[in-house]
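J.: Below you will find the structure I want to go over with you.
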């Protein structure tokens, strides 16, 4: 009996070793330069393909003179550019996803570096919740005054920036997790406020919005014209900061010894994060945890932590994910944040296991 048990244990151990060896082999192959190039190019093709699918794809059924059924799957070029209304309806949604992709994951990784915490992101630190609150406040006052989102957003975000800075300055062993916990508390509070508004003012906010995060976002080119330069300026600023962020990512003490003003960088990154969050929420419904999940996936998959690399690959991955989620939302009513929640669960478990 004991011999049989030993044989079973040896067999289980052998299977486990094979799994570990296979995992190491796959990890090694994925991290080779040519494989990274292939993967990135694949996601670029996917993102571009899904962009045009979101513009042109439409399943339609019609009957001819003989009552024969015909099915078409694509809109014509003439239809998608017929007039200003058509251009806005078909082109606006996939275009705004591009600006979300070039902003949120970049801000997410930058703030992870400055806070020295892989759980930091615009979502977990409270920037997205307060931006959503600013958008809801605009809806309650006047839906035609979209500039109010920026006013309320900057006011609410100032409070978040101050709280995060105070917590970051504290000299305690678990200080890196305090801002995240505060962010979750703020998110819960704002969700409760949103639920009250949804119940009392259903014409302003649908109850489903509380759980899906999909805001009643009216397509307006004016919003994009305002948010686009803000996002591009912030992206440029993040790229300029990337050499300093690279040193800070490796060693904060080294960064300070080289004369890098880490506190100033912290303030700049938090302000830039607040700006891009407000700008993206005003043009489209936010993708919750995008700035947390994508940078961590890139770092874990390729074992590379250089800001420029993580920025670029995160943008590509995010754009592909956003365009795919938009396609599912438009054609199958599958909420994009449900998709992100599924991915987030696995990534958060991985992060917590690493910290543990």
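Counting starts with 1 at the first residue shown.
Placed from the backbone N, Cα and C atoms, the Cβ positions cover glycine too.
Quick paste of what TrEMBL says about this protein:
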| type | residues | note |
| --- | --- | --- |
| TRANSMEM | 34-57 | transmembrane segment |
| TRANSMEM | 89-111 | transmembrane segment |
| TRANSMEM | 123-141 | transmembrane segment |
| TRANSMEM | 147-167 | transmembrane segment |
| TRANSMEM | 179-201 | transmembrane segment |
| TRANSMEM | 221-241 | transmembrane segment |
| TRANSMEM | 262-279 | transmembrane segment |
| TRANSMEM | 309-328 | transmembrane segment |
| TRANSMEM | 334-352 | transmembrane segment |
J.: Given a Cβ distance threshold of under 8 angstroms, which distant residues of the chain, six or more beyond its ends, lie next to the transmembrane segment (309-328)?
T.: 36, 40, 43-44, 46-47, 50-51, 53-54, 57, 93-94, 97-98, 100-102, 104-106, 108-109, 238-239, 242, 287, 290, 294-295, 297-299, 302, 334, 336, 339-340
J.: For the transmembrane segment (123-141), which stretch among 34-57, 89-111, 221-241, 262-279 has the most Cβ pairs under 8 A?
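T.: Ranked by Cβ pairs under 8 Å, first place goes to 262-279.
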J.: What parts of the chain pack near the transmembrane segment (221-241), using Cβ distances under 8 Å and only residues at least 6 beyond its ends?
T.: 88, 92, 95-96, 99, 102-103, 106-107, 110, 146-147, 150, 265, 268-269, 272, 275-276, 279-280, 282-283, 308, 311
